[in-house]
Amino acid sequence: MVRGRIFRLSVRDVRFPTSLGGHGSDAMHTDPDYSAAYVVIETDAEDGIKGCGITFTLGKGTEVVVCAVNALAHHVLNKDLKDIVGDFRGFYRQLTSDGQPRWIGPEKGVVHLATAAVLNAVWDLWAKQEGKPVWKLLVDMDPRTLVSCIDFRYITDVLTEEDALEILQKGQVGKKEREKQMLAQGYPAYTTSCAWLGYSDDTLKQLCAQALKDGWTRFKVKVGADLQDDVRRCQIIRDMIGLEKTLMMDANQRWDVPEAVEWMSKLAKFKPLWIEEPTSPDDILGHATISKALVPLGIGIATGEQCHNRVIFKQLLQAKALQFLQIDSCRLGSVNENLSVLLMAKKFEIPVCPHAGGVGLCELVQHLIIFDYISVSASLENRMCEYVDHLHEHFKYPVMIQRASYMPPKDPGYSTEMKEESVKKHQYPDGEVWKKLLAAQEN
């Protein structure tokens, strides 16, 4: 039962120095420090349950997201949780329509990252109070309640409330069987952990060999900085995994449109399933042009991790600009906005393969994609969820991978709660880890 009035919202800048090991490095982001604006909301309920939410960043700039969270905090404080979730669409609209901070969005950029962090904390709190993981909270909701969580503004030309309700009602058929399947087998995953751009060939080979031993069959390699380097690294991986296993490529927005087509034409011999983020995430027509050129070569287009909002996804789908849609649990406006994108993807019959490279993203997005299979898509064809083997040890309820699949979380909440010791050690700039690193830089 939903209970309590929110009386406190705190937000901290938490950073992990992943750049020291080249983890997360790609053609555009060469030295990321995986980071998060970490939000905790507390209520006056006697149970003492806290809601925890994050949005993912790469180090510098996290302090700006923290400021944006604080600018939105008044929308949450002194609100009864039952009033928020009882009119979740209205609350989402309130957060995203605040006239002054909206000007530095709207529904994109720093202010939308902050919105995601706040809403992720609300979903975590709600699910904890209900005693369910978020995926189960969603699966158990009746279709009308799910639809009531979604803001359909700007997407009714593609998805109306009636469309969404029809999709969800159809998804009720076979739902119990699919839930049992997920609990037994998990949701298929792919690994990005082997082939960050900053890794040496020896590291790449070592990690790839270990991944094969661990049962991984789907691999992603970062490309885009140097063509000959890409050819060499892709050859190493393809030789190791063989042609029977799946290979994807990710350029992280490095190329112009003609360059993307030319570059990928030269990498086509390695038989990638997709090229991810070949150009600017805002260039819908550019993605459509690249798609038209590469699909005949057997290469699909995947994008979405830096798509600002549901409107960009709507246009990508309308323009036939992608073959694989990549939601992000912290870029979009939390569960609410992701629901609208999952439903649009279903309407266009485009598989959803979430982005999960980053601190806490695996923990969050597993809930969304498991719900998608059970209640929306009812398909695993050409579907998989990214997995990155970094920083899970800092979470109270870390993701569980078995047989290269995400096993559905059983603990209540959104799996967003971090260990307090980890937060204190990695808080920027006053945590123990950063005091040492910053002192060393000064010397």
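Glycine is treated like the rest: Cβ placed from N, Cα and C.
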Can you match one of Glu63, Glu337, Glu381, Glu386 to the substrate site that Swiss-Prot gives for Gly24, Ser25, Asp26, Tyr34, Lys220, Asn252, Glu276, Glu305, His355, Ala356, Gly357?
Glu386
Besides Glu276, Glu305, which of Asp230, Asp239, Asp250 does Swiss-Prot list for that Mg(2+) site?
Asp250
Using the alpha carbons only, what distance in Å do you get between Asp250 (Mg(2+) binding site) and Glu276 (substrate binding site) once rounded?
4
Given the Mg(2+) site residues Asp250, Glu276, Glu305, which other residues of that chain have a Cβ within 8 Å of the mean position of their Cβ atoms, reported in sequence order?
Lys220, Ala251, Asn252, Glu277, Ala302, Thr303, Gln326, His355, Gly357
Number of other Cβ atoms within 10 Å of the Cβ of Glu276 (substrate binding site) across all protein chains:
28
Whole-number answer please: how many Å between the C-alpha atoms of Ser148 (phosphoserine) and Glu305 (Mg(2+) binding site)?
25
Measure from the CA atom of Lys222 (active site, proton donor/acceptor) to the CA atom of Gly357 (substrate binding site) and give the result in Å, rounded to a whole number.
12
